[in-house]
Amino acid sequence: MDKIELVQFDLDGTLIDSVPQLRLAVNRMLEQQGHGPAEELAVRNWVGNGADMLVRRALIAALGCEPDAAQQQQARMAFDVAYEGVAEHELVFYPGVLDTLKQLHQSGKTLAIVTNKPYRFVPAILAAAGLSDYFSLVLGGDSLAQKKPDPAPLLHVCRELNIEPARSLMIGDSENDVLAAKAAGMAVVGLTYGYNYGRDIAESHPDWVMSDIRGLLDLLLKNEHRKDNHG
Ligand SMILES: O=C(O)COP(=O)(O)O
Ligand SMILES: [Mg+2]
């Protein structure tokens, strides 16, 4: 592996467990549309392809059929209003996230976020989490015409920050992250604790599978430390 200079992170299911807030917003939307609430596990399995797909999957489960365009649009608006009010409340980080980001940042790695979550929600979440200063670039699922699993957002970040894909590493919890990274020619770490439609991330064959994000410190900093220690 080339020396990694740029680390691109997924957000939901990788840095923060956002299902509690997403579920609140989904359930407010369902209630407004006259449906009962969704279970937490169901919502976990619907996350990963952005807000339109989350809303669509919730409507299909509630209606037992595809929503029409008007239903979808109305539900998406209701979801956005509800999520806006809760997105950055009571954020839950996965273990080791804050320490890992801090150490990577301090060691001089360039960090970025590539999430499929609509961009408008992301800055408030990062600010509430105290993470805004770590990231040189943040892309949402609607920042470009394509979202993950398309490689376009990952390649866009490489271009903007002037770092080759071969010197960039993607970190994510879902097959979208793995597929996007592979198509971009980037190495990828799959985390086991997030949301992957209820499937094992190892099935997508990331270059590394980790159950704890602190594994990145070993992967990215250990050799450099050795060099430091031994002159
Ligand atoms: O909002 C989603 O569907 C998932 O977002 P992620 O790309 O940060 O996992
Ligand atoms: Mg994710």
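Note: Cβ is positioned from N, Cα and C throughout, glycine not excepted.
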Binding-site annotation, TrEMBL, Mg(2+): partner of Asp10, Asp12 in Asp150, Asp173, Asp200, Asp207: Asp173
CB-centroid shell, 8 A cutoff, Mg(2+) site Asp10, Asp12, Asp173, site residues removed: Leu11, Gly13, Thr14, Leu15, Gly48, Thr115, Gly172, Ser174, Asp177, Leu191, Gly194, Tyr195
